[in-house]
């Protein structure tokens, strides 16, 4: 485990164990407050209530096996093989109960005949995506979000709302997916008519959301200060825009491939713009970048548009929002996995880039060998399953409507498939070379962050192009097709 045996913090493994210690030994009203028994600087809870409740359930089981694992204060840095087995088991069981069934049921619930035939292959590709295997394996919030998508696909809107509320109350990063859920359901209400069935649906949805949040938050109490303290822990805006950038800190811990960290190489934004202005700038750019997709989805709600909007909005959040951690790209990758059967070439390309973008984190955690094994294996499975190199035409890439609108203006569109394949191979080569250099060569003394910076910038440029692509696909989707999907 990364950080194992290295005081004073011992790594992320200790964070998970410490939350069990805190939730079991302290009253619920002290979980998010700094006290003599709960030093928030030592892995203080900074996730919503469902994460804390999950830790509490695990703590009760740990208590039955070995009370030393969660003893207050004295268990800090506790590491043993039985305890590691226990922690791994809790993750595996939760994934087995929440995430994996959601993936399998989603793949087999698809209505298209061609998709049904490939459902097992589709599920295999999603489960073999290297990013979710290598990083922070334990995707309970993503599992709840997938259950939400699955329920909406089956027209179970209230159950889908409950599932997504659970996801949002497990990890606040699920805000990346919140606007597509909101806009899609609001669009359905508008479509049904706000003077009839649409108003009834809207009322039911609002009640469902309120009750779901109340069930998650009421155990914490109704005290305003308690709620505000939890929110301060969930959204620590005082840390600044670049809190997650490896090469912007004298004590690097992480790296993000979003636009702010990449720009900071050329423009020292934190030195010329105040933290509050950084927050406003980040909010404005994020809002503007996701606005077209949200408007489109609200005006023309469709399941296909909903899935593409999940990708587009999550990618906008990742690229432009405040305090982006490098592994937040997984919040974009999961929706991309859901459409890998529709656009296998672009989806595979994105998933490879997303894994590559986390290379500095993988290197820091000693996962380079695992990265070198799982990434080519994933590419091989996608090549064998979807024949992705043969699906690069404008129609295969869902760009036919867009290409027709450009007909007569862009002369090179006939050679588009060949250009796309060439760019893909160039991209793979560049990522491969940077991966080898990062693993095999020490950086120059004058440029210690050369390789992480290169990975960040290359990944960021890819993600910007993908954002344009996914928005084009969504915005040029025909109205008739959208209405057909709703029927």
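Heads up, residue numbers simply count up from 1 along the chain you see.
A Cβ is built for glycine as well, from the same backbone N, Cα and C atoms used for every other residue.
In TrEMBL, the transmembrane segment annotation falls on 120-138 of the listed ranges 44-62, 63-81, 120-138.
TrEMBL lists transmembrane segment at one of the ranges 19-43, 144-168, namely 144-168.
Fewer than three CB pairs closer than 8 A are found between the transmembrane segment (198-220) and the transmembrane segment (305-322), and contact between the two stretches is not assigned (pairs 6 or more residues apart).
Long-range contacts of the transmembrane segment (305-322) within the same chain: residues 149, 152, 175-177, 179-180, 183-184, 237, 241, 258-260, 278-279, 282-283, 285-286, 289-290, 293-294, 296-297, 328-329, 331-332, 335-336, 338-339, 460, 463-464, 466-467, 470-471, 473-474, 477, 482, 485, each at least 6 residues beyond the stretch ends and with a Cβ under 8 Å from a Cβ of the stretch.
Long-range contacts of the transmembrane segment (453-476) within the same chain, counting only residues at least 6 positions beyond its ends with a Cβ under 8 Å from a Cβ of the stretch, are 247, 255-259, 261-262, 265, 289, 292-293, 296-297, 305, 308-309, 311-312, 315-316, 318-319, 329, 343, 346, 350, 353-354, 356-357, 359-360, 397-399, 401-402, 405, 427, 430-431, 434, 438. Across 85-108, 329-356, 423-441, the stretch most heavily in contact with the transmembrane segment (120-138), judged by Cβ pairs under 8 Å, is 329-356.
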